[in-house]
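In what follows, a structure is listed as structure tokens, so that the remarks can point back to it.
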Amino acid sequence: MARHLLLFDIGNTNVKVGIATEGTVLTSYALPTDGTQTGDGFGLALLDIMRHAGLGADDIDACVGSSVVPSLDPLLRHACERFLWRPLQLAHVDLPVPLENRYERPTEVGADRLVAAFAARRLYPDARALVSVDFGTATTFDCVDGDAYLGGLICPGVLSSAGALSSRTAKLPRVSLEVSEDMPVVGRSTTTSLNHGFIFGFAALAEGVTARLRKVLPEPLEVVATGGFARAVARVSDCFDHVRPDLLLEGLRLLYLESEQR
């Protein structure tokens, strides 16, 4: 029987829960990052997720996560231990990320950024340099040269920017972020103008930043897009070599497997 891993990307907007085998991430689910949730509430939600996937607690070999919300860590640890009988192993805390961290203050780097950079390094070994572009709550660019994490850039995120615009403008509709293959650059209504502004605006952000990074990072260099809006932006931009929406979950899977071999 295949070994299954339960993977957690604990972010500011959602807790992304992935189910993986040793070879691949099979599927993922999103739970809201809810400050009122309890450990038992998370545990019951995890059982529902596994039931939907046709799995039980006995099918899970390990729970592995990455967190940028420290207040949720003890709740999810409780959920895993009580309901799945497995400890939650957190990247950068319980599982070191095997990259040389060249940040001026290494502890300032979010575990999510390190794990995504590590995943890109392992998935694309032929590239000397890699840039991971994560379209999450923030839009982050993380750079790797060989086995060294160099740092990167943190820019506004798609959802946070859309939410800020909607909350400060009385007459503007909410942004839908819908993408079609033949969408024109120029919107002809307020709704399409907003939608196209965000899609093409963030595509231009990615193109501009990656073009600058290509001037300072060694070749061969490959750019990997990830996060919830990676596919939408990639449909209107050719600056990405790869699109891996579950890059961080893949990184957690690989991190755990490497730790088992040490």
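Residue numbering: from 1, along the chain as shown.
Each residue, glycine too, has its Cβ placed from N, Cα and C.
Since the structure is predicted, the reported quantities are computational estimates derived from the model, not experimental observations.
Per Swiss-Prot, active site, proton acceptor is recorded for ASP112. Using a 10 Å radius centred on the Cβ of ASP112 (active site, proton acceptor) and all shown protein chains, the other Cβ atoms total 27.
Taking a C-beta cut-off of under 8 Å and a sequence gap of six or more, THR13 (ATP binding site) has these contacts in its own chain: PRO32, THR33, GLY136, THR137, LEU159. Residues or ranges marked as ATP binding site by Swiss-Prot: ASP9, ILE10, GLY11, ASN12, THR13, ASN14, VAL15, LYS16, THR137.
Around the Cβ of THR190 (substrate binding site), a 10 Å sphere holds 11 further Cβ atoms from the protein chains shown. Reduced to three states, the DSSP call for THR190 (substrate binding site) is helix. If you look up Swiss-Prot, you'll see TYR103, GLY110, ALA111, ASP112, ARG113, THR190 marked as substrate binding site, on the strength of sequence analysis.
In sequence order, ASP112, ARG113, ALA116, THR140, ASP142, THR226, GLY227, ALA230, LEU247, LEU248 make up the list of same-chain residues 6 or more apart from ASP134 (K(+) binding site) whose Cβ falls under 8 Å from its Cβ. Mapped onto three states, the DSSP output places ASP134 (K(+) binding site) in strand. If you look up Swiss-Prot, you'll see ASP134 marked as K(+) binding site, on the strength of sequence analysis.
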Rounded Cα-Cα span from VAL15 (ATP binding site) to ALA111 (substrate binding site), Å: 14
Site extent for substrate (largest Cα pair distance over TYR103, GLY110, ALA111, ASP112, ARG113, THR190, Å): 42
Entry from the binding-site residues list GLY11, GLY110 having the most other CB atoms no farther than 10 A: GLY11
Cα distance (Å, whole number) from GLY11 (ATP binding site) to THR190 (substrate binding site): 31
DSSP three-state assignment for ARG113 (substrate binding site): helix
Other CB atoms, at most 10 A from the CB of VAL15 (ATP binding site): 24
